[in-house]
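One structure is given here, and the rest of the page talks about it.
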Amino acid sequence: MSAAALAVVVVVVFFLALYLLQRYGDLRRQQRMVLLGTLLSWYLCFLIVFILPLDVSTTIYKQCILDNGNRPSPVTQARQSNQTKNKSSVNPTVSIPKVCEEPWSYIPDGILPVFWRVVYWTSQFLTWLLLPFMQSYARSGAFSRVGRIKTALIENAIYYGTYLLIFISLLIYVAAHPQWQLSWRQLQTIGITAANTWGLFLLVLLLGYGLVEIPRSYWLLSSYDYLLAKTYFKAAKVATEKASAEENLADVMEEVAGVHEAIRFNHGLRKCVDTIIGKCPAEYQEELVRNAESSRGEQNVLPTKGGLFKLHKKVISAVQRQGQTLVKWSILLEQAFHLEDVAKSQSSPLRHFTHSFPSEQNHGWVRRFIYTPTVEWYWECVCRQGFYRLLAVLLCLLSAAVVWSECTFFSTHPVLSLFAVFVQMAEKHHNYICIEMACFVSILFLCFCVYSTVFRIRVFNYYYLVPHHQTDAYSLQFSGMLFCRLTPPLCLNFLGLIHMDSAISHQDRIQTSYTSIMGSMSVLYFISDGFYIYYPMLVLLLCFATYYSLGSRCLNLLGFHQYITDDHLTSDLVDEGREHIRRERRKRQKAEDGENRRWAWRDRYGAQEGAGRSRAGYTEINDDQSSPVTETKNSVITFRRDGEEEDEQHRSLLRDHYSDEGSPNRRSTGGRYLSLSPSRAGIFDDV
């Protein structure tokens, strides 16, 4: 059963990492090495999180075996008692010392140490060596592999030198101590300590933000007025970003056009120019061809190879940014329209949810049989508010437990950490399922607070995770680096919260296999007895700062507009976003009405054409009859055919009119918004 549990966890975690990568990355267009590195980094970090509870239960079972003198498990005793059932019924009962029951997920000795060693050192190799190099390689504007490798080495020289300087400083500190003798194990521990210290420094910052923002965000999700106002605010910001991205792309395309006209097909740098043009959108490529044919006599200044490197990098960044803003704008439109529909349905006497623009997914079997308009009305207008508020209260209690435990986990007598209390109570009753569930829920909540912050933060335009396959290679690899650096110190911090780390709790207990791989922190006393204990207490100050939105207010003063309810600039942006949404609604409604009129004309005149064809067939049957009635019918049919030709011309004009009218922003027959501009439909092919 233990091997099956471990195998199931390994498979499930792999598909979880693959799903997230498919949601944020583009599996078809991005480089295979980028996708493989990101998938491997996410997969290894999720493995640590999901398998650590099994390590904890196995360690507690080993400690129980040690405390009870290596007695066999109750299963073995039960088998022996079955064989001697008659004897035991005759002999008087003898008090048997309490023994340990083997957990259902027990992992035999020797498996977890090897597993943790492979997972940890692979993740560290990715985060400190491979992924930084691949980041620079992916962002390089060079046209050859050798050029990209050279650029990546130059950019990472300072990066690697900084961490090498920190490691040398710690090495000198250990070597200067008279009581210590350097060994390979101690050098390994110093390296692990330095990496975990860096990760813990960032971990507390992200954790302090997530512990407050996540419960508050779920509480605010129950208020449609707040959500709609914030959506209007985001729409105003994204509209500005979209206009800026389109303007930036147009400027870059002008530079590409100049290079395309300057470097002809017989030039040595023409291959580089063709590579740059291949990264441009399809409509710009066609325009470049037309402009080149019409301006063959013009001569521009020839660019250098270094200039082409920079231009190549600018083209990649501009195209990616423009695609991201278009997807964000489309998502915001759908959210705003849905929230406005909810507001209308709440005030409607009919318990039936009505969509302004029903999409294709509304006609699936789930919508027809399970999530019907009536069920959707009860969920959106009745149940949703209570559900999210209850969830927010539960998350708030978990956040309070985490903050209390982070400030008191160093106290072992008495035990003040709530997580340690829960685990020790389950340990006394040998309830390994409760131990694993408590550990899993606790560490999963910690990871949710930290990882969700990683997915939300945005560092200007260099790092930003965008769903619907729009995240660039640099951001994917940067997220993988953060996960690999944050997960090991997070797990060590969790083991300290439940008093399973002897370096912090100072208890004579069997260490987990994960802690044994990390090494003893006693090599550096000022870190194990100082930084690892007192620095997590800063999470309390960060929670207060997040609760009062001090970070958002500071960013707002610096010009990075944040949604603050009592700010005048926020209200102005909300009004601006409302106007953008109204304008887009009018455009979409106009296209919808035009399409409905087209279908009405087709249904009306299509029926008349069918009737005309049936009447024509009836006269053909009677053509052989030479009678005046037949001649009268033929004249009538000729008149109707002339009228039908005029109606056909009328319908063709209508089709031409509506096809031209809805070309920039048109909808499909199912009501789906195809594109935001006439030339960028290819961006949404995989959305």
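Yeah, the Cβs are placed from backbone N, Cα and C, and that goes for glycine too.
Automatic prediction, not curation, is the source of TrEMBL annotations.
According to TrEMBL, the features are:
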COMPBIAS  624-637  compositional bias 'Polar residues'
COMPBIAS  639-664  compositional bias 'Basic and acidic residues'
REGION    612-687  region 'Disordered'
TRANSMEM  6-21  transmembrane segment
TRANSMEM  33-52  transmembrane segment
TRANSMEM  118-137  transmembrane segment
TRANSMEM  157-176  transmembrane segment
TRANSMEM  188-212  transmembrane segment
TRANSMEM  387-404  transmembrane segment
TRANSMEM  433-454  transmembrane segment
TRANSMEM  533-550  transmembrane segment
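Counting Cβ pairs closer than 8 Å to the transmembrane segment (188-212), the top stretch among 6-21, 33-52, 118-137, 433-454 is 433-454. Ranking 6-21, 33-52, 118-137, 157-176, 533-550 by CB pairs under 8 A with the transmembrane segment (433-454) puts 33-52 at the top. Residues 27, 35, 38-39, 42-43, 46-47, 50-51, 54, 105, 107, 111, 476 of the same chain lie 6+ residues outside the transmembrane segment (6-21) yet bring a C-beta within less than 8 angstroms of a C-beta in it.
Outside the transmembrane segment (33-52) by six or more residues, the chain places 6, 9-10, 12-14, 16-18, 20-21, 25, 27, 112, 115, 119-120, 122-123, 126-127, 130-131, 134, 138, 439-440, 443-444, 447, 473, 476-477, 479-481, 483-484, 486-488, 491, 494-495, 512, 514 with a CB less than 8 A from a CB of the stretch.
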